There are 2 protein chains.
Amino acid sequence: MARIIGVDPGLTRCGIGIVTAGASRRVTFEHVEVLRSSAETPLPERIHRIGASIERLLDGEKPTGIALERVFAQDNVASVMGVAQISGVVMYLAEARGIPVALYTPNEVKAQVTGYGAADKAQVTTMVTRLLGLAEPPKPADAADALALAITHAWHLARGGAAVRMERFGRQAAVPGGETPAQRAWREAESKLGRRRGARS
Amino acid sequence: MARIIGVDPGLTRCGIGIVTAGASRRVTFEHVEVLRSSAETPLPERIHRIGASIERLLDGEKPTGIALERVFAQDNVASVMGVAQISGVVMYLAEARGIPVALYTPNEVKAQVTGYGAADKAQVTTMVTRLLGLAEPPKPADAADALALAITHAWHLARGGAAVRMERFGRQAAVPGGETPAQRAWREAESKLGRRRGARS
């Protein structure tokens with residue numbers, strides 16, 4: 001049984017989502033939360049506040065793997081430094097405990113859970129809510145993103161852990177082995193809604 | 001007695017320099033080294049390798065303070081993510097031990113040790129070698145930069161810990177209280193060399 005902690009790293013808000021999964025592609029919701037620190041707090045203290053919570057989670061939840069968002073320098077310059085600093089702490093703490101860390105780009109995660117690499121935040125939240133059978137959508141977006149990361153990694157492991165190379169995955173791209181669970185669920189959700197979405201029609 | 005560890009953060013090379021200082025501006029060399037990780041090693045393992053060495057240094061050297069280079073997103077995009085990730089780990093480990101972390105921009109450090117905010121790496125190395133009375137210049141540049149960070153913070157503490165605001169410090173800028181030890185040493189070094197330097201003449 002895989003127990004995956006997804007981490008959407010950040011200084012102001014750091015999303016944490018935990019799912020479990022067996023050999024099938026079925027994923028089970030376990031936990032979601034958003035760690036926060038105030039911009040008025042000195043930087044080393046902010047980093048420690050978020051990091052200490054992650055350290056407690058790793059020791060308490062004993063995950064079999066971490067799914068962490070891969071950060072790029074070309075993202076929003078104002079927040080990317082904090083994102084990179086927290087991601088460094090997450091990798092350090094995980095590696096110190098022998099917990100493997102998988103890195104996924106935002107587009108890889110979107111492509112997996114919505115079937116569409118350029119999906120917006122609302123689409124990701126909708127799919128995460130549906131895939132995990134949640135009564136309400138997880139909020140804020142960082143919480144949904146963390147669960148989406150965990151789901152992405154759980155599916156990756158269910159596929160046998162083959163390398164994920166979906167960075168340029170677009171809505172026309174074929175998925176080896178046919179529809180992903182997300183694509184199937186999305187198609188069903190669309191039929192149910194009874195309307196066509198411009199971006200995907 | 002202040003015992004300062006200067007850290008020039010990086011994934012490929014992370015400079016570490018340790019100095020001690022009393023109430024005067026005299027600084028004493030204690031230790032210098034460069035931590036390294038290979039670009040072929042997976043990222044979480046690289047971060048852990050550097051971070052674990054820093055953790056051992058903090059516990060073994062028991063510094064009274066850390067001087068860490070402040071990173072900006074506008075620096076070299078290829079290396080800035082690794083620099084930010086390591087700096088996050090350094091802040092996390094220091095804060096967890098109650099060791100205060102001071103952040104300095106590269107220009108603040110250059111202005112302090114050479115008297116010139118736009119000094120080049122060779123000038124920083126020359127001044128660090130001279131200020132610490134080293135028999136040989138510390139190499140590579142990351143080692144000299146780490147010592148320069150530690151010296152900058154030692155002087156900051158010797159001045160009573162007043163806020164350092166030297167980001168726009170230029171060669172024409174006046175230093176409150178006259179010459180810094182670096183400026184005096186630099187002037188003496190220049191006289192000794194018996195030649196004028198284009199950039200500073």
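Please read every residue number as a count from 1 along the shown chain.
Glycine residues also receive a Cβ, built from the backbone N, Cα and C atoms like all the rest.
Quick look at what TrEMBL annotates:
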| type | residues | note |
| --- | --- | --- |
| ACT_SITE | B:Asp8 | active site |
| ACT_SITE | B:Glu69 | active site |
| ACT_SITE | B:Asp142 | active site |
| BINDING | B:Asp8, B:Asp142 | Mg(2+) 1 binding site |
| BINDING | B:Glu69 | Mg(2+) 2 binding site |
| REGION | B:174-201 | region 'Disordered' |
B:Asp142 (active site) falls, by three-state DSSP, under helix
Between the C-alpha atoms of B:Asp8 (active site) and B:Glu69 (active site), the distance in angstrom, to the nearest integer, is 6
CB neighbours within 10 A of B:Asp8 (active site), counting all protein chains shown, number 28
B:Glu69 (active site) to B:Asp142 (active site), Cα to Cα, whole Å, comes out at 11
Close in space but at least six residues away in sequence, with Cβ under 8 Å from that of B:Asp142 (active site), the same-chain residues are B:Asp8, B:Gly10, B:Arg13, B:Cys14, B:Gly15, B:Val34
CB neighbours within 10 A of B:Glu69 (active site), counting all protein chains shown, number 26
